[in-house]
Amino acid sequence: MTSLFFYQISDKQKRWNWYWKLALAIIVLVVIIYSFIDNFSGFNVSGFRNFSRNFIRLFTPDTARDYFLGSYLLQTIFYVVSGSILGFVIALWFSYLTAFKIQPLYIALPTRLFTIFLRSFPVLVFAFLFNNLFNKQLTATLTITWFSWLWSTKYITAFFENSALKQFFNQSSRYIHKFKAFWNTVVISQAERLWLFLLYSLEANFRWTTVLSIAGITGIGELIATPLGGTVQLNLVLIPMLTLIGFLLFLEASVFLLTKFVLQKQSQAGDYFLQAKTLQKRKWKKVMIYILALVLAAFTLANLVQLDYTVKAPGFVADFFKQFFQTKTAFLISEDANINPLLMLLKLTTQAISLITLVFVLALLFGFLASKLFSTITSISLKLLLLVIRVIPSVLLFRLFDPIIFRPETTIIFVLAIHSAASYGQLITINFDNANEGVINNMQNHGFSRFYILWNYLIPTTKPQLLNTLSDSFDNAIRDLVVFGIFGGSIIGGRINNFFERAQYSELGTITLPLMVYLMVFEVILMAVRLNKLKVWQRHLW
């Protein structure tokens, strides 16, 4: 019976027979085609006139208006830095608790399931919740802290579990306090990589401010999101947008320089004079890191000191969650796709499949074209283009292109695909550039084309990273589509926004809880796969 499904390649490894792989490929292809048919509409030819008018309006800014750009930008810097630092610190502690290779199962599993549960809440829910409890600056700080804590925990945990832990176990076995051993052997030894992660998360959180402004979060993103809301005023967008883009480009350049000259590890030099020079460089690097830490700490403390911690409605949280978990069963048996949350989830899944298919194809293309296989001019030009795409607010792109596409969900998918592909393309380029140059040069010397090298060497070599990218992009796609539901990007996201605005928290819970279960099941399956608990993935499909 086993031979019907698998063939043996070694004593411990099997592979699926080719016809089952073919059947699986056909099923996946059919699902993708159905998802595209279900979610894509044609172009609205008459909408091109509105598109050109909107484009002209965008580049005809209202220069007489006082935008208070400095005040809004400084406000954003305060709460993003503060929230990112607080979230990162909490994430370090939770990553220590949730790492299966560090903690016993009875500690790691419940803690990880707890973070998965909290992460399953759409970010809109807690943004709206904080808005009802606190003033704008505290709401913004808490939202960034919440977001950074939960998502940083996920990635830092994976990083810790993939680290060399021999020294940690040696120290912890010598009756040294376990956390102290963890700090000395894992955190300190990998400080450069953790700093890099913090800087990249800071940069990502600044980009997220425009999206979070949809949910009422204050800051410079508010100056962009508000004119793009109900009554679109494109002439008010350009000046704050250019300010934000300029700041993001400055931030990207700063992160690049810090990565290149401060946080990048250097190999040990053999020559005495080179060693002395290396030690001198390390001293300067330490000074720069201390200065960076002081600047970030200063912004964090300054923000925390000036915050107003007054709670507007102390009883609101208890009342909210009491209603939130009182689900309406009539919704679950309705045949209307605009009412039944299960049908909404089915629709959301097809949207996510369409989105990640586009993201994966575009990111692979971007990563390939920006890699070392192409000329330096081509690579740098594309990297700069991807950088510009990443810093342009996705809300603006949606408003610009929406008139020329019949359905808003199609526009959202295209906009998110381009934005996400620009980010993931950068990661894929790094993975491709880290491949064995000797093998690539040898293949080029034998006359193999770039596409042949991509298909037969780069993709197979980086398959684990590509699969991780694919799985992460599906999870992120679901959450992004929910956020953009306010603009018609998804039914379920639109309903969450409507029910919160009307204070219909029971209906909100009825719509949100199935989505949370859906996300939790996906994360638990993904966790099991990554920890090799589901051996069929590793042994039969890999």
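Backbone N, Cα and C atoms are what each Cβ position is placed from, and that goes for glycine too.
The transmembrane segment annotation in Swiss-Prot covers 23-43 (among others), and the record cites sequence analysis as its basis.
Per Swiss-Prot, the feature transmembrane segment maps to 77-97 (among others).
Annotated transmembrane segment per Swiss-Prot: 114-134 (among others), in sequence order, evidence recorded as sequence analysis.
Under the heading transmembrane segment, Swiss-Prot lists 140-160 (among others).
The feature transmembrane segment is assigned by Swiss-Prot to 212-232 (among others). Packing against the transmembrane segment (212-232) from elsewhere in the chain are residues 54, 67, 69, 72-73, 75-76, 79-80, 123-124, 127-128, 131, 136-137, 139-140, 143-144, 240-241, 243-244, 247, 393, 395-396, 399, 483-484, 486: each is 6 or more residues past its ends and has a CB under 8 Å from a CB in it.
Counting same-chain residues at least six beyond the ends of the transmembrane segment (236-256), those with a Cβ under 8 angstroms from any Cβ of the stretch are 58-59, 61-63, 65, 67, 69, 72-73, 199-200, 202-203, 206-207, 209-210, 220-221, 223-224, 227-228, 387, 391-393, 396. Among the features that Swiss-Prot reports, transmembrane segment is placed at 236-256 (among others), with the record citing sequence analysis.
The annotation transmembrane segment is assigned in Swiss-Prot to 287-307 (among others).
What Swiss-Prot records for 349-526 is domain 'ABC transmembrane type-1'.
Swiss-Prot lists 350-370 (among others) with the feature transmembrane segment. Long-range contacts of the transmembrane segment (350-370) within the same chain, counting only residues at least 6 positions beyond its ends with a Cβ under 8 Å from a Cβ of the stretch, are 31-32, 34-36, 38-40, 378-379, 382-383, 386, 409, 413-414, 416-418, 420-422, 424-429, 431-432, 450, 454, 458-459, 466, 469-470, 473-474, 477-478, 480-481, 489-490.
Same-chain neighbours of the transmembrane segment (386-406): 41-44, 47-48, 50-51, 54-55, 58, 207, 210-211, 214, 221, 224-225, 228, 232, 234, 237, 241, 244-245, 248-249, 252, 366, 370, 412, 414-416, 418-419, 422-423, 425-426, 484, 487, counting only residues six or more beyond its ends whose CB sits under 8 Å from a CB of the stretch. Annotated transmembrane segment per Swiss-Prot: 386-406 (among others), in sequence order.
Among the features that Swiss-Prot reports, transmembrane segment is placed at 412-432 (among others).
Annotation source Swiss-Prot lists transmembrane segment at 481-501 (among others). Remote same-chain residues near the transmembrane segment (481-501) are listed as 122-125, 128, 211, 214-215, 337-338, 341, 344-345, 347-348, 351-352, 355, 394-395, 398, 402, 408-409, 412-413, 416, 507-508, 511-512, 515 (criterion: CB distance under 8 Å, separation of at least six residues from the stretch ends).
Sequence annotations record features per position, and here Swiss-Prot assigns transmembrane segment to 509-529 (among others) based on sequence analysis.
Residues of the same chain lying 6 or more positions beyond the ends of the transmembrane segment (509-529) and with a Cβ under 8 Å from any Cβ of it are 112-113, 116-117, 119-122, 125, 323-328, 331-332, 341-342, 344-345, 348, 471, 474-475, 478-479, 482, 492, 495-496, 499, 537. Remark: the transmembrane segment (287-307) contacts the transmembrane segment (77-97), by the rule of 3 or more CB pairs under 8 A.
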